[in-house]
Amino acid sequence: MQKQLDIEKFSKKIYLILTIIMAVKIAGFFTWSENVAITRVFKVFSRIMMTIAAYYAFKYILKKGGVDSFKWNNVFSPLLYGGYLLLGFISFMWSTKPSHSSLQWFMDLESFVFCYYYMKSFEVLEVFFPKANVKFYHILANASFLIILIFIIGLMIAPDEFYRMTHGGEEARLGGYMMNPNELGMLCVVSICCYIFNLYRNHRKVWTIIKILLVLYALILTGSRSSMIGFLLVVFFHIRQSDNIKLKLAINVGAVFSIPVIVQTIFIKQGDVEEVLSMTGRLPFWTALLNEGLPREPWFGFGFMRIAYKDYFKGVHTYAGQMTHNTFIQVLMNLGFVGFGLVLLQMIATIRGFLNFEDKEKKLMLLGILIPIIINSFTEFGIFGETNYGILFYQLLIFGISFKYHPILSRSEKLYLRRTRPDLSIP
């Protein structure tokens with residue numbers, strides 16, 4: 001019989017492992033070098049290695065005294081997402097550039113596998129190691145914070161590398177060539193959303209507030225309108241849900257003081273009214289896609305992550321674009337009405353799963369994280385667009401509602417738990 005597990009030591013170790021895995025996984029979506037070959041190798045290698053690491057982290061948790069006794073829950077959410085990937089795979093047959101479609105598809109599949117093992121690790125921890133108190137939102141918040149901190153420090157050391165000049169060089173936006181400022185803004189909002197749950201449970205309040213302020217500072221520097229809208233929605237979402245009067249007051253005061261800065265810095269300073277209303281030129285492009293591009297391949301699209309027969313779509317009166325800057329139009333163009341219908345059903349199943357989830361804290365977390373990635377999906381790559389960490393976050397949310405503990409253990413599972421966890425009460 002093994003000696004009793006040191007929960008505190010195990011908790012610190014697995015927390016560190018899962019945080020590093022998530023941080024490196026997110027970092028794998030950034031362009032850290034201007035050398036295309038180095039960037040591609042890093043992105044592919046880091047993502048695949050973190051998927052392997054997630055698998056071994058899951059196995060390590062089981063080895064310490066857990067069993068994989070789970071059944072599927074809200075099965076239509078992952079099942080329909082699998083159907084979306086299957087349709088994407090079949091679309092290689094009519095894609096005008098199968099190499100591009102297959103690479104994008106493979107990276108989506110790879111992250112789907114990663115999320116399966118990563119989220120299952122938290123289910124095992126919750127059931128068999130409740131005293132470890134390893135929270136998914138805490139790890140995601142800190143992993144995101146580490147990436148954002150690199151940009152905050154980087155802009156002080158090398159502003160030319162970490163700022164992206166827009167509006168004819170008049171505006172500097174945090175992100176540089178390494179990451180689209182709107183995508184970086186979305187990461188900031190996800191981090192803030194997760195940190196709010198630390199405030200709910202009174203976990204290191206002062207340090208948590210400092211982190212939130214630093215991330216909010218980075219968010220403002222990205223100049224992302226969509227992310228700022230997502231941030232405000234997240235704030236007011238939590239205000240409505242909270243029973244803590246002091247927390248409500250603190251969030252309201254913070255929002256009131258931040259709104260003038262946000263409006264002046266982002267919504268007014270970075271463009272005139274016409275530019276804002278046209279969503280920086282996106283609306284004419286979307287109109288051209290639907291009126292000129294979609295009628296050519298209405299039912300099954302141009303192939304996975306393809307929006308035209310060639311690499312770029314150019315409307316009669318629009319700029320040339322390789323992607324739609326709207327995840328829903330992206331699906332419509334690359335998989336047609338069939339793919340679009342499948343995606344809508346998948347999203348309905350997922351949101352329904354969130355709303356019906358029994359654990360209130362987890363329900364609020366899932367819905368809270370969903371807000372910024374959905375807002376981002378209307379103006380950028382999004383959850384069904386070209387590979388990005390918005391897809392990763394959405395897949396994590398899918399598996400966050402897909403597992404349910406099965407309390408009826410086999411004889412071998414009971415024997416294993418009695419041997420590895422003598423401290424655990426086995427039914």
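Note: Cβ is positioned from N, Cα and C throughout, glycine not excepted.
Sequence annotations record features per position, and here TrEMBL assigns domain 'O-antigen ligase-related' to 212-343.
Annotation comment: TrEMBL describes 14-32 (among others) as transmembrane segment.
Residues or ranges marked as transmembrane segment in TrEMBL: 44-62 (among others).
Under the heading transmembrane segment, TrEMBL lists 74-95 (among others).
Here the transmembrane segment (102-119) has Cβ contacts under 8 Å with residues 18, 21-22, 25, 44, 47-48, 50-51, 54-55, 57-58, 81, 85, 88-89, 92, 136, 304-305, 386-387, 391-392, 395-396, 398-400, 402-403 of the same chain, all six or more residues outside its ends. Look at TrEMBL and you will find 102-119 (among others) tagged as transmembrane segment.
For the transmembrane segment (139-163), same-chain residues at least 6 beyond its ends with a Cβ under 8 Å from one of its own Cβ atoms are 15, 18-19, 22-23, 25-27, 30, 172-178, 184, 187-188, 190-191, 194-195, 198, 211, 214-215, 217-218, 221, 369, 396. If you look up TrEMBL, you'll see 139-163 (among others) marked as transmembrane segment.
Remote same-chain partners of the transmembrane segment (184-200), defined as residues 6 or more beyond its termini with a Cβ less than 8 Å from a stretch Cβ, comprise 26, 135, 137-138, 140-141, 144-145, 147-148, 151, 174-175, 208-209, 211-212, 215-216, 218-219, 222-224, 226-228, 230-231, 234, 238, 242, 244, 247, 361, 364-365, 368-369, 371-373, 375-376, 380, 389-390, 393. The feature transmembrane segment is assigned by TrEMBL to 184-200 (among others).
Here TrEMBL flags 212-237 (among others) as transmembrane segment.
Per TrEMBL, the feature transmembrane segment maps to 249-268 (among others).
Here TrEMBL flags 328-352 (among others) as transmembrane segment.
Sequence-remote contacts of a segment are chain residues at least 6 beyond its ends whose Cβ falls under 8 Å from one of its Cβ atoms, and for the transmembrane segment (364-385) they are 84, 136-137, 140, 180, 182-183, 185-186, 189-190, 193-194, 196-197, 226-227, 229-231, 233-234, 237-238, 241, 279, 282, 305, 323-328, 330-331, 343, 351, 354-355, 357, 391, 393-394, 397, 400-401. TrEMBL lists 364-385 (among others) with the feature transmembrane segment.
Within the same chain, residues 25-26, 29, 67, 69-75, 77-78, 81, 108, 111-112, 114-116, 118-120, 123, 127, 136, 140, 190, 350, 353-354, 357, 362, 365-366, 369-370, 373, 381-385, 417, 426-427 sit at least 6 positions outside the transmembrane segment (391-409) and bring their C-beta atoms closer than 8 Å to a C-beta of that stretch. Summarising the annotation, TrEMBL assigns transmembrane segment to 391-409 (among others).
Long-range contacts of the transmembrane segment (74-95) within its own chain (CB-CB distance under 8 A, at least 6 residues past either end) are made by residues 101-102, 105, 108-109, 112, 300-304, 306, 334-335, 338-339, 342-343, 345-346, 349-350, 352-353, 356, 384, 395, 398-399, 401-402.
For the domain 'O-antigen ligase-related' (212-343), the mean pLDDT of the prediction comes to 81.
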